[in-house]
């Protein structure tokens with residue numbers, strides 16, 4: 001597993017390859033069949049490059065060294081800098097989720113039942129559209145699989161026998 005320092009170094013090198021290509025995240029996304037946010041996640045070492053996608057990324061970024069391509073195929077250290085919240089865009093996104101989150105939760109529960117949106121089986125994209133007033137607007141799409149909460153009955157835990165359950169109670 002990479003540590004924070006090597007993650008930063010690798011990410012910096014990946015960003016340099018992108019910058020040298022002159023391509024935007026949208027262009028790379030179109031060439032690879034990924035979302036623009038996922039491409040950014042790959043180049044920030046927040047997502048793992050799948051072997052079947054590697055040739056598409058190599059075609060989109062021909063300057064990408066083989067060693068970095070292989071590094072991108074390793075499971076990443078998914079983390080963030082706690083100071084990131086101070087960055088104005090990140091702060092506003094957090095503010096929007098905190099402000100609208102309770103209402104979004106209520107609607108998810110009303111429409112689907114008691115559960116959550118997955119952040120693992122998840123797609124995210126950022127798009128630019130014109131508003132009714134003609135001004136640019138940001139559209140952030142969060143598309144996650146619905147995951148219902150499970151009732152935890154005794155018959156649900158088939159992998160733990162009765163004796164193990166009793167031993168766990170004493171721990």
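Backbone N, Cα and C atoms are what each Cβ position is placed from, and that goes for glycine too.
Note that TrEMBL annotation is computational and uncurated.
Long-range neighbours of residue 92 (active site) (same chain, six or more residues apart, CB within less than 8 Å of its CB): none. Annotation comment: TrEMBL describes 92 (among others) as active site.
Around the Cβ of residue 95 (active site), 11 further Cβ atoms fall within 10 Å across all displayed protein chains. Look at TrEMBL and you will find 95 (among others) tagged as active site.
Just so you know, the Cβ of residue 118 (active site) picks up 12 other Cβ atoms within 10 Å once every protein chain is counted. Feature annotation from TrEMBL assigns active site to 118 (among others).
Feature annotation from TrEMBL assigns domain 'Cyanate lyase C-terminal' to 79-152.
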Cα-Cα, residue 95 (active site) versus residue 118 (active site), nearest Å, comes out at 20
Mean per-residue pLDDT in the domain 'Cyanate lyase C-terminal' (79-152) works out to 94
